Amino acid sequence: MKKFQGLASAAGFALAKAVVLETNHFSGNRVSINESQFQHEIESLHVALKKTIAEIERLKDKAAADGFEEQSEIFAAYIEIVDDEELRSDVETCIKEKSVDLSTALMDVCNEYAADMAALDDPYMQARADDFRQIFRIIMDMHTGAQSGNIGEAADFILVATEVGPADMAKADKKYLKGIVVETGSRTSHAAIVCRSMGLPMLSGINYTEAGIQTGDLLIVDAVEGNLFVNPDSALKAEYAEKISKAEAEKKCMESFRDKKGVTGAGTPIMLMANIGTVEEIDAVLENNAEGIGLFRTEFLFMQNPEKLPTEEEQFKAYKTVLSKMGDRPVTFRTLDAGGDKHIAALGIPKEENPFLGWRAIRYCLKTPEIFRVQLRALLRASEYGNCKIMIPMITGEKELLQTKKLVESVYQELEERDGKKIKPVPLGIMIETPAAALTAETLAQHVDFFSIGTNDLTQYTIAVDRGNEYVSELYDEMHPAVLSLIRQTVHAALKAGIEIHMCGEMASLTECTEAILQTGLRELSMSANRIPYLKEHLLTLKI
């Protein structure tokens with residue numbers, strides 16, 4: 001038995017045999033050619049690209065059929081990249097200038113593209129390097145004839161690879177996939193997002209070659225402690241089989257709360273909604289019977305293609321899909337919250353000494369109104385397909401809010417003039433995530449339809465602690481008296497003004513904070529969808 005330490009990208013346990021996906025196409029032997037062979041390699045490239053587009057189309061259709069609409073949209077973006085003249089030209093130039101065969105040229109261009117993305121500071125952008133490697137792997141597979149068909153046979157398996165991208169996830173048989181182990185990948189990778197939505201464990205940071213893992217090896221994935229066990233002994237197998245059984249029993253117990261309303265032990269109704277950032281996560285929202293989406297992080301749409309901003313039509317399609325799937329349930333879209341820890345290359349935000357206090361969120365949008373107007377046009381058009389709300393992040397004062405409202409109103413007029421159609425007003429709210437906003441909440445409440453308390457940033461800004469900094473993270477405390485005081489002030493201001501208010505920060509999902517939250521007067525909470533059943537169970541223990 002061997003044990004390895006990794007990083008938990010999606011929590012959970014799994015016990016099954018390994019299926020190793022050979023994906024290391026980009027560190028092989030280099031092959032030199034002479035000028036007379038250039039044309040043959042270029043023609044091979046054209047054939048491979050044509051086959052690649054056909055294969056991605058197949059995966060796109062399969063993803064849509066499996067209910068993973070966002071995967072389908074990602075594949076549509078992949079097709080655009082493969083069909084782009086720049087990629088074709090870069091590979092052809094590499095063949096000619098370096099006198100190398102097609103496989104070597106694909107390897108070089110892929111590594112160059114991926115390195116450019118990996119060099120960026122933002123983890124979301126770094127994760128996009130995986131997309132380029134995924135695309136080039138498909139091209140290489142089509143060129144060499146490798147890795148065709150689906151992954152996994154009619155038996156439980158754990159997928160093991162250097163990296164796992166959207167194509168690999170689409171090929172994997174979801175019925176039997178029990179977990180994923182990768183060397184490169186993070187909580188922001190596509191595979192991790194899908195795993196969390198499916199309730200599957202994922203470990204990253206494990207080199208399967210160095211670990212000596214082969215297809216058929218029995219694996220235990222502990223994505224709670226971050227451990228991987230290879231060919232465990234019978235005692236450890238029994239221990240984890242019991243853990244998995246208990247986890248499944250707990251999940252079934254939580255499922256008994258699925259169709260129940262959120263209500264305290266004293267009978268007070270509590271509205272429980274979900275936070276998501278992708279269309280793909282809606283399945284988990286519906287499965288956990290969330291009463292709405294309290295936070296849709298629209299910046300993820302801007303992160304899918306680091307070189308190009310999403311068009312109005314692309315955004316409209318995504319927002320429409322979300323609203324249509326949610327029916328009458330409210331969906332609160334937070335407008336572009338770029339900057340801070342979310343670097344989006346195409347936006348051109350310069351590197352700042354203190355990005356959390358800099359050019360971010362609504363501050364950026366008001367300085368780049370055309371980018372903001374594109375998003376607002378898409379949101380307002382999509383609003384006709386469901387119960388839409390629009391939320392502005394990082395508002396810190398009345399002047400900023402009034403400027404934003406004026407811009408929003410002008411977009412209504414623009415759409416009416418452009419499309420000849422009057423759009424009914426959409427509720428407009430703001431995030432309360434700075435002490436400034438909380439302390440002036442009574443004034444701000446006069447201009448909006450709702451508040452949403454973002455406790456992650458509110459806590460950091462209030463007690464001056466970066467929770468991502470290991471040296472001070474132990475000081476981060478949502479229950480700090482100053483934070484609770486600001487929450488109470490905000491709730492009081494909202495109730496006094498007669499507007500809606502909910503909480504969408506991580507604090508909303510923590511059962512140890514629930515009683516204190518409800519004591520402020522809050523009755524609407526938004527959290528990760530899979531936390532909703534646990535909150536429903538916990539609410540019954542509270543006499544509020």
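Using N, Cα and C of the backbone, Cβ positions are placed for all residues, glycine too.
Where the annotation comes from TrEMBL, it is an automatic prediction and has not been curated.
The secondary structure of His190 (active site, tele-phosphohistidine intermediate), as reduced to three states from DSSP, is helical. Residues annotated as active site, tele-phosphohistidine intermediate in TrEMBL: His190.
Counting Cβ atoms from all protein chains shown, Cys504 (active site, proton donor) has 28 others lying within 10 Å of its own Cβ. Under DSSP, Cys504 (active site, proton donor) is assigned to coil, being neither helix nor strand in the three-state scheme. Under the heading active site, proton donor, TrEMBL lists Cys504.
Here TrEMBL flags Arg297, Arg334, Asn456, Asp457, Arg467 as phosphoenolpyruvate binding site. A strand conformation is recorded for Arg297 (phosphoenolpyruvate binding site) in the three-state DSSP classification.
In the three-state DSSP scheme, Asp457 (phosphoenolpyruvate binding site) falls into the helix class. A sphere of 10 angstroms centred on the C-beta of Asp457 (phosphoenolpyruvate binding site) encloses 19 other C-beta atoms. What TrEMBL lists as Mg(2+) binding site is Glu433, Asp457.
What TrEMBL records for 5-128 is domain 'Phosphotransferase system enzyme I N-terminal'.
For 157-226, the entry in TrEMBL reads domain 'PEP-utilising enzyme mobile'.
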DSSP says what for the domain 'Phosphotransferase system enzyme I N-terminal' (5-128): how many helix, strand, coil residues?
82 helix, 16 strand, 26 coil
Distance check against Glu433 (Mg(2+) binding site) for the recorded positions His190, Arg297, Arg334, keeping those with Cα within 10 Å:
none
Recorded positions: His190, Arg297, Arg334 - member with fewest neighbouring CB atoms within 10 Å:
Arg297
